[in-house]
Amino acid sequence: MAKQKVPAAPSVRRLPSYLHLVKKAEADKLEYISGTVIAEELELEPIQVRKDLTITGIVGKPKKGYPVKLLITAIEKFLGWNKEKKAFVIGAGSLGTALSGYQGFKEHGLDICAAFDSDKRKIGKEIHELPVFGMDELETKVKEYKPEIAILTVPSKYAQEAANAIVKAGIKAIWNFTNIKITVPDKVIVQKEDLSSGYAMLGVMMNTKK
C-alpha cells in the first residue's frame, strides 16, 4: 500500500496561527472571515493562505470568505486536535519540566500524564503535579495510561537509548526535542524539533533591522 502523502510542512506549521485568528473572530461574533484578513494579520499573501487552507478540505464562499465555525472545525480535525491524545515526557530535566507545565497543550487535546527519568533523585517526585517514574517502569505505565506520544527531552547522548525504550514499550509517535536524529522502525512516527532553527531565523531578522 502506498504511503499517504504528507502536506508540506510550512503549510501545516501556519495552520495554528490561522486557527488562533479564526477563534478570535468567533469570539468577536463574526460569522465569516476572509483569507485576505488572515493574510494581512499574519503578513502573508492571500493566495498563500487560501492554498494552505485547501489542505483542510474547506472551501471559502465568494465575497464572504470562510464560515468561522466550520473553519475552526476543519483546522482542528486536520491537525488532530479534535481528539485527546495522551503523552509521556521522557526526560524530566529543564526542558522536560517546562514542557510538562505548558498549559497550551491541553487546549489542543494533548494530555501529558506522566514523566520519566533515570535520575533516582527525581523518581517518585512530581513536576507540575505529574508523577515522575523510572525508565524501567515505562512498559508497565504504557499499558496503564495508554499514551500515543512520547515527548523526548533527554540529553542527546541518551536519545537513541531512550528512543529504543519508547519503541519497545509500544509508543508509536515520538516528538523529538534532542539534537540527535534517532533511528526507529518504519511504523514509528518521529517529529524532530530543532530549536536552533527558530533562533537562527531570529538572528537573521535582527541583522536585517540593523
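Placement of Cβ uses the backbone N, Cα and C atoms for every residue, glycine included.
Segment annotation: Swiss-Prot labels DNA-binding region over residues 17-56 (candidates 17-56, 57-96). For the binding-site residues listed here (Ala92, Leu95), the lowest count of other CB atoms within 10 A around the CB belongs to Leu95.
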